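Notes for the one structure printed next.
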Amino acid sequence: MKFIDEARIEVIAGDGGDGSASMRREKFVPFGGPDGGDGGRGGSVIAVADRNINTLIDYRYAKKHLARNGENGRGADCYGKGGDDITLRMPVGTTITDMETGELIADLTEHNQSVQIAQGGAGGLGNLHFKSSTNRAPRQKTDGKPGERRMVRLELKVLADVGLLGMPNAGKSTFIASVSNAKPKIADYPFTTLAPNLGVVRVGPSRSFVIADIPGLIEGAAEGAGLGHQFLRHLQRTGLLLHIVDLAPFDDAVDPVAEAKAIVNELRKYDELLYEKPRWLVLNKLDMVPEDEREARVSAFLEGFGWDGPVFEISALTGQGCENLCYAVFDHISAHSDAQRAAEAEDLAADVRFREKPQAPAAADDAGTDPQV
């Protein structure tokens, strides 16, 4: 199935039905009075997150989604039937934005999470509501309200703990295939990966994290070169970025330092917040470097790149160094999660609305002695 991570659709909620202006006409009831019922409400448009869906392809060509209108009210105090709601099922990780106002309507981060994105119109009132002591046969009634109408943008941002960055053929897909059960396409030509891949890395019982591999970036991606930088949105929810560098390129004219700097520049052009995320350097394909040259090549790269953060040396093909990297990643994610939970608990404690009422001190006389009986 083709991977689609962005779509624009129009959602139109149903209009409310009109109220009825009807009079009761019945044998032996000379003054029946008003009996017009209310109109039914219009159907709403509801978005639901579904973990069994992983693309927005259903909304790439179905551009308009309409809910049913409410029925009009009728005589004999009969209310109109409400319009049926329609449900739009979307992948977990989808954000819904109003294109006119820029308002973020919903961020679907949990399975079965539902959000109303267009509300149906209210039904009109029948003339039964306008009866009074001075107006016993009202002819007034109200029309139903129109349903909400919106143009919305759907964006899918995959949910992952760790994201992989790197040039095409840096070994990102080989790495995710080595440490997880993901089966990405792997070949010796650029842009083998055309869509994000997710893999679950297990480091022990009940100890795992999710890793995301996106198509490779090249210099000028911000201007649309290669596949552009559209897939970088899938790294916005991650807590850690692994910058994978090919330390043994096939072409001797390729400069790993220049390529690594180009990746960082493209990251910064796309989103400053993404650029400031924790980022580790992973030097890959060390199995292709002679052992007596490894230390010198690594030192020369780090000096040229000007990097002073965490560095890991691995071979995704042979698995060398991958286990230690995965354990370090899990420890980082666990520590970050614990710190986040502690901060949330602190915020909650500071936001207590009802505190225990303090006890009033016991009354005593001015002299401090028991009162005389």
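Residue numbering: from 1, along the chain as shown.
Placement of Cβ uses the backbone N, Cα and C atoms for every residue, glycine included.
Just so you know, the Cβ of Asn169 (GTP binding site) picks up 22 other Cβ atoms within 10 Å once every protein chain is counted. Under the heading GTP binding site, Swiss-Prot lists 166-173, 191-195, 213-216, 284-287, 315-317, citing sequence analysis as support.
Counting every protein chain shown, the number of other Cβ atoms lying within 10 Å of the Cβ of Ser173 (Mg(2+) binding site) is 25. If you look up Swiss-Prot, you'll see Ser173, Thr193 marked as Mg(2+) binding site, on the strength of sequence analysis.
The compositional bias 'Low complexity' annotation in Swiss-Prot covers 359-373.
Here Swiss-Prot flags 1-159 as domain 'Obg'.
Annotation source Swiss-Prot lists domain 'OBG-type G' at 160-334, citing sequence analysis. Taking the domain 'OBG-type G' (160-334) as a whole, pLDDT averages 79 in the prediction.
Per Swiss-Prot, the feature region 'Disordered' maps to 128-147 (among others).
What Swiss-Prot records for 354-373 (among others) is region 'Disordered'.
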Q: For the region 'Disordered' (128-147), jot down how many residues DSSP puts in helix, in strand and in coil.
A: 3 helix, 0 strand, 17 coil
Q: Could you check the binding-site residues Lys172, Lys285 and say which one's CB has the most other CB atoms within 10 Å?
A: Lys172
Q.
What whole-number Å value do you get for the CA-CA distance of Ser315 (GTP binding site) and Ser173 (Mg(2+) binding site)?
A. 12
Q. What is the interatomic distance between the Cα atoms of Gly166 (GTP binding site) and Ser173 (Mg(2+) binding site), given in whole Å?
A. 10
Q.
To the nearest Å, how far is the Cα of Lys285 (GTP binding site) from the Cα of Ser173 (Mg(2+) binding site)?
A. 13
